[in-house]
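Data block below; observations after.
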Amino acid sequence: MALRGWRLFGVAGTILVYVGGILFLSFVSLQGPQQKRGVHGPRGYGEFETIRNRDLGLMGKKPPLQWCTELHYLDAPIRTPRKPPKLLQTFPGHFVKKFNSKPELAALVSFPGSGNTWLRYLLQQATGILTGSVYKDYGLLKSGFPAESVANSSVLVVKTHEWGPHAWAPYTKAILLIRDPERAILAEFNRQSGGHVGFASPDRYRRTKGRYWTQFVKNKLWAWEQTNLSWAKNFTGEVKLVFYDDLVENVEGTLRSILKFLNYQTDEELLACALMRKEGIYRRKKRILQFDPYSPAMHAAIDEKRAEVYAALGRYDAH
């Protein structure tokens, strides 16, 4: 009887130990995540959100934009204030009067990679008016710029990267957005390789033993010069120069000056909202490369061309 009692006691003890072990493991597993949430709190959630947004980006989706007001086309074209007619000399000894008779159409001009899309975003936030483009970028069309390919006076400004008489013809005035060529060329290379907010992989710079990148820099530096000088010097309408660095440093002041140039009365409430949401999703985040993609010869060529163009535009304090 005594032996049998000890056996029953042993079995009961084993069962108790087994059940106790299960309960202990369950308690630990439940406590683990709770402690992690308690220690990290919002940070842990933020990391999850970052991963989720990044994954959506890989799938070609962007987080939804929040506009300060509903976007719309201009109800009526903005017209140039009545001014005395200008005397234009069509050939030696012959003058004609030029009247301001047509609605304004403003071009938003830049070399690619200079922040054109970001400035369009800021203008749409600050006015609620759609901006147009001579292009039809389906990515932009679906994510905040429904007036892609609209190039008439129903929009606030029209994006273009073109230059020359045919490109100037439709416009009465132009906003010329200028960015340092070294950064603009790099941004354009990233755009062609990774989209509006993506990046080129390091191996892209080494493609064809670097010859592709070398030729890209040479071609784009020439295009950067032509875009900026042709509009600044040869376009016959009014031109407002906007340097990208000034826009970054003083978003409010730059937006105010642009709206004044466009003869558009500033809405203080919308402007304040635009400044709160100034980053948006169309500005490429900074990324530090582990190498300098520009060779010494490239740097020298860029420095020389930058100095020439900036001097022609009256900018002497850059770089």
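All positions are counted from 1 along the displayed chain.
In case you wondered, yes, glycine gets a Cβ from its N, Cα and C as well.
Its Cβ taken as reference, ASN152 (N-linked glycosylation site) is surrounded by 14 other Cβ atoms within 10 Å in the chains shown. What Swiss-Prot lists as N-linked glycosylation site is ASN152 (among others).
The N-linked glycosylation site annotation in Swiss-Prot covers ASN228 (among others), and the record cites sequence analysis as its basis. Reduced to three states, the DSSP call for ASN228 (N-linked glycosylation site) is helix.
Under the heading N-linked glycosylation site, Swiss-Prot lists ASN234 (among others). Around the Cβ of ASN234 (N-linked glycosylation site), the same chain contributes TRP168, each under 8 angstroms and 6 or more positions distant in sequence. According to DSSP, ASN234 (N-linked glycosylation site) sits within a helical segment.
Summarising the annotation, Swiss-Prot assigns transmembrane segment to 8-28.
Recorded residues ASN228 (N-linked glycosylation site) and ASN152 (N-linked glycosylation site) have their alpha carbons 23 Å apart, per Cα-Cα distance. Counting every protein chain shown, 25 other Cβ atoms lie within 10 Å of the Cβ of ASN228 (N-linked glycosylation site).
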